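The ATP binding site feature in TrEMBL is assigned to G84, Q85, T86, G87, S88, G89, K90, T91. For 361-408, 496-558, 724-800, the entry in TrEMBL reads coiled coil. The domain 'Kinesin motor' annotation in TrEMBL covers 5-346.
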Amino acid sequence: MEEIPVKVAVRIRPLLSKEILHNHQVCVRLVPNTQQIIIGKDRAFTFDFVFGKNSTQEEVYTVCIKPLLVSLTEGYNATVFAYGQTGSGKTYTIGGGHIASVAEDEKGIIPRAIQELFQHISENCNIDFHVKVSYIEVYKEELRDLLELETSAKELHIREDQKGNTVIVGAKEFQVECADEVISLLESGNAARHTGTTQMNEHSSRSHAIFTISICQKQSAESQKNTDAAQDSSWKSVQMIASKFHFVDLAGSERVTKTGNTGERFKESIQINSGLLALGNVISALGDPKRKSVHIPYRDAKITRILKDSLGGNAKTVMITCISPSSSDFDESLNSLKYANRAKNIRNKPVVNYNPEQDRIDEMELEIRLLREVLQNQQVSNQCSHELSQERIRISSLEEQLTRLQVQCSSYRNCLDEAFPFLVDLNDDVSLKRSQRDRLQRWITMAQEVRKESLSLQETGTGTGTSQGPHHITILQLKRELKKCQQALVMDEEVFSQKNHELQTLQNQIKTLLQENEEHLESLKEAQETHRLQNEKMVEQQMLIDQLKEKLEKFTDVKTLDISGASADGPAIVARARRPYSVPLTKSLLRSLHPPSGTETHKVYTSTPAFSLTRVMAQFRAHSQIILSNIEDHDKVLHCHLSDQNDKEEENKGSKKKASFKHSINLTWTRKHASLCFLPDLSDVKCQVGKSHLSNKSVPQTDTTTGEEMDSLQKSHVFNMQKLKNSELRLTEAEQKMRELALNIRMKEELIKELVRTGNDAQSVSKQYSLKITKLEQEFEQAKMELAETQKRLQELESKELRDIPEKDKLQKEFRKKMDAAKLKVQ
Ligand code: ADP
Ligand code: MG
């Protein structure tokens, strides 16, 4: 048996108008005068045939399909299948579109092949042709009969016949007489094909379609005779040839992600791709050089099972790979070319589908077997009927005998009845011999006994006769009832099987619902978990914010304390007071330096703390300079006053602290009051200093100043100077600290802002989650409702099925158990 490779053709369609409009670039080209194709820059592939963008339908048909049609008429099986991504021109090339609306030279392979086939038939009148067509679709791994849509998928099976050829059992095969008939069938089938909308092609085929033309050719009897007479040695070769031509339009080969499909369409894509994947695996396995040792996975998908004869089988096969020239389809085109390249390695072993002798022997054997079976059946039936008729005849003869005997019996009885009284009389009247009398007497007693017996028999006979009647009737009635019951039983069984089926579907539905439910619950739990985590985060962040706020407050406290520490003298009271929230720190200090006039209004200062602090420091320094100069002039007086003042400050501090503690709400005003209280004191100090100075000037020095006094004054002066220096040092330290603090505060403020922002984000996320949760809860409710509905339906079913048999009860119990389990799960 000769091995020939599968022929592989590649067809590049022209750019579509919309592609030209979008300025798509061409990424595939043909190498002139070769069968080579170059994709991208330099990826070259060689095939049996290559067709460029200018190739015509006629050209493709003549080069690829015409030889196949010739083979078909010679008795070979033939297959052409179109492979490629959606929109690459498969349907256009195969000719599975709207044939009627397509121009003559635009017609694809199928209409051309049909025309040529019928042309061949008309030219060969001596051969008796029978042409049948079928049109099958594989959609989501299920078969569909496109010529008889009522046929359910379960009625269609892929089988292998005795010779190992693949056949689709249950598919409608239309016997056709002319090309037009085939075209109209093809059209109706195309209309029934599944099409869907994807991003790539509005009416892309989502299924594999297999249009099959089966021809059976037989030399007519007349021509046979002629050829016999002519002693043509090849006469047998035209005997009974049956061959098939499959035209296969495969579904789009694009990867699932490219179509942008989702949901049901995504699943569909996966199923379609699984078919093509299996086809790819079959092609790979067949192309393997160690093929014999490799298992060919034909059984993995329906399409590979159907194409078993065509790939590595006994058919002649052409694969047309359609590709788009657009550079946007580069990946898919490259994949298709790789796929096609692998297919080149497949080798088929085509055989003519006839073996005259073997066929005849087979036929004869079959006929003999059939005849034997028929004969056996007849014999059996004959035997039975013969026995039955004999039995009937016997019964009727017996019945006849019985009636005859009955008639005889009744006539004898009559005779006896008549003779008996006569003989009794005779016995009484006539004088007979003793022996005669004895004999007569014996006869009479015998007759009496017989009569008695017959009477009793008659009685019982009539008794049984009367009772037989009603028995018979009851038997008949019972029989009738039995029949009715049997009929009812059959109907019941039917109903029962139907209900069982429904029950099963319902169970399946419940299962899926429960599964969905579980999934929902899981996602609900997840959402709740994330929500909880978000909440925890929120709380943490809130706590952090609070902590930071506290810290900030503390920092401001420290700041004010530091200021008070640094200015241990004059403005200590002002500085020690807590910094009011609404009034900046500088204000009280400013007021301490410039006592407020009655008309002065309250102002809120918006300057930054650092800026106000530096200002305060500068003012403080200036103030301390004034005080220092005063001290230098009037050491003693100042010393006294300052010490007094210090006491006062201490008192003020104590009372102020208390007040602020007690009236924290009125804090600002308390402080203001405190600062106001202090200001006259300070001015008093100034006045007193001034006064003492004046008095010192007016009193002569010799009178007032003694040596001791001078010493003490000097000491206090030195002491004051030290104190001042110390306070200056502390001031610079405080300044440094203040700067650091200001920086720190600014950083903290930014941190707080960011935290607030993330807090807001978290809130929005948690809002989204809570929305999601409510949605999930709604879905959950819906699932629950559906479950309840199913239960209702089940109850209805239960109530309908009144004529229960124990099995039914069992089933129902089981089902109820399952339902309970389901309810538990839902809970
Ligand atoms: P597929 O069946 O692969 O999804 P189609 O056969 O539906 O693709 O082709 C998609 C579009 O491209 C159709 O409009 C068709 O008319 C056009 N087309 C395909 N091949 C050719 C070609 N060789 N010449 C002109 N137009 C073509
Ligand atoms: Mg198509």
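Including glycine, each Cβ sits where the backbone N, Cα and C put it.
A quick note: this is a predicted structure, and the numbers were derived from the prediction, not measured.
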Position of peak Cβ density within 10 Å, selected from the binding-site residues G84, G89: G84
Paired segments the coiled coil (496-558) and the coiled coil (724-800) in contact, 3+ CB pairs under 8 A: yes
Fewest other C-beta atoms within 10 angstroms, as judged across S88, T91, which are the binding-site residues: T91
Where the C-beta lies under 6 angstroms from ligand 1, the matching binding-site residues among Q85, T86, S88, K90, T91: T86, S88, K90, T91
Neighbourhood of ligand 2 - binding-site residues from G84, Q85, G89, K90 with Cβ under 6 Å: K90
Neighbour count (Cβ, 10 Å) for G87 (ATP binding site): 24
Cβ neighbours of K90 (ATP binding site) where a neighbour is any other Cβ within 10 Å: 29
Where K90 (ATP binding site) falls in three-state DSSP terms: helix
